[in-house]
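Taken verbatim from TrEMBL:
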TRANSMEM  24-42  transmembrane segment
TRANSMEM  63-87  transmembrane segment
TRANSMEM  107-134  transmembrane segment
TRANSMEM  155-176  transmembrane segment
TRANSMEM  196-218  transmembrane segment
TRANSMEM  297-322  transmembrane segment
TRANSMEM  353-372  transmembrane segment
TRANSMEM  392-409  transmembrane segment
TRANSMEM  429-452  transmembrane segment
Amino acid sequence: MEAADYEVLSVREQLFHERVRECIISALLFATLYILCHIALTRFKKPAEFTTVDDEDATVNKIALELCTFTLAVALGAVLLLPFSILSNEVLLSLPRNYYIQWLNGSLIHGLWNLVFLFSNLSLIFLMPFAYFFTESEGFAGSRKGVLGRVYETVVMLVLLTLLVLGMVWVASAIVDNNKASKESLYDFWEYYLPYLYSCISFLGVLLLLVCTPLGLARMFSVTGKLLVKPRLLEDLEEQLYCSAFEEAALTRRICNPTSCWLPLDMELLHRQVLALQTQRVLLEKRRKASAWQRNLGYPLAMLCLLVLTGLSVLTVAVHILELLIDETAMPRGMQDASLGQVSFSKLGSFGAVIQVVLIFYLMVSSVVGFYSSPLFQGLRPRWHDTAMTQIIGNCVCLLVLSLALPVFSRTLGLTRFDLLGDFGRFNWLGNFYIVFLYNAAFAGLTTLCLVKTFTAAVRAELIRAFGLDRLPLPVSGFPRASRKTQHQ
């Protein structure tokens, strides 16, 4: 063999080893996410559904739980996708020739983006509908009972649903584009059809983030206030403990003497209320035993951090709106070649990249808080060891839609200059200036409105409670007027 042949073989061998290394790294990352998601779902699932007398139902629920775990792992991977890419670029800039980070390159990052895109389509179109129909199926009439009969019915329902959804998307694409190529796109399933369907889903997810994130940013202050111990000026734990003890004693007397009341009593409801009050009292006892540092320093620092992060988010979006008017490169766009380690995507260097990552995570947490706080999705909120299987499936689908829209959401708002990789940048609406500009303006306006309304109302209510004005007989703004019956009592 000639020297040129040996050189070609060495290049092919090197490419083969790089592909194997990337596959191993991707598998290890996904396995880690899968284990974490499985631990989380086992904490929320209802144990009665997995220990039923009917082994068939328990087997079906276990299979559905594994599919939900896979979907939740993909959602978590989609959340980590953009922050991991930004930090990887900064690491390659700081350590360009380090031997121990040679595995971190543009090919690996691009492959992770493509895998998340592929698995997300697989989960949304096939796995989650299959899990839902599988849990609800009973087998065809006249067929043999068992898991296999349920599988047959689920596959038939899934095929019919797939044909219906694909037909609707094909008709929608033909109406929107109104040309021959779009009407023949039914035969071009992978190159046009699935990306168009994913573009519609991503657009719905971005709109959902537009509604949920401002609401979540406003709710973060109250949620953090419930988790942390407030200073004594802002809450009276002794009074809350006394009230909780009195309510528990009253409910206990009603349970012990049910004949003393002429109204019918729901004993199960009373027992649940007593358990809830006992749990609340234990939490209040822990909060009362908190140290002075935790009470007087932890709560103000947490509120200050939330205020700074929220202000940075709104300021970044406002600056991006101005950039959209004067700079064409501010528009979100796709990038096919992940050339990492060339230039920083932040004007502040590594420090700015860290701020971008923190803001992305903060907005994602705020969107989840706002999603579960909205009246439309409040009933979908999971409960500890008391979440039905269908509810787990619904939560996984919603979290996946929110997570997949996060990279597009972050790039559209200008939180980062890292362009979208792979099929994430092939969405048609990303190049529309009016959609991007109106989206940024709507986000800034909604966030400012929610913050002003919530923050002023919260501060006013806390000050009124701190000075005891809510216990006065006079009506106070922000509190409901007491009824005549209550005043006579």
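Every residue, even glycine, has its Cβ placed from backbone N, Cα and C.
Unlike curated entries, TrEMBL annotations are predicted automatically.
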Stretch with greatest number of CB pairs under 8 Å, the transmembrane segment (392-409) reference, 63-87, 107-134, 429-452 candidates: 63-87
Most Cβ pairs under 8 Å with the transmembrane segment (24-42), selected from 63-87, 107-134, 196-218, 353-372, 429-452: 63-87
Residues from the same chain, set at least six apart from the ends of the transmembrane segment (297-322), whose C-beta lies under 8 A from its own: 217, 220-221, 224-225, 228-231, 234, 330, 355, 358-359, 362-363, 413-415, 437, 440-441, 443-444, 447-448, 451
For the transmembrane segment (353-372), sequence-distant contacts whose Cβ falls under 8 Å of one of its Cβ atoms, 6 or more beyond its ends: 79, 82-83, 86-87, 89-90, 208-209, 211-220, 223, 309, 312-313, 316, 344-346, 378, 380-381, 398-399, 402-403, 406, 409-410, 415-416
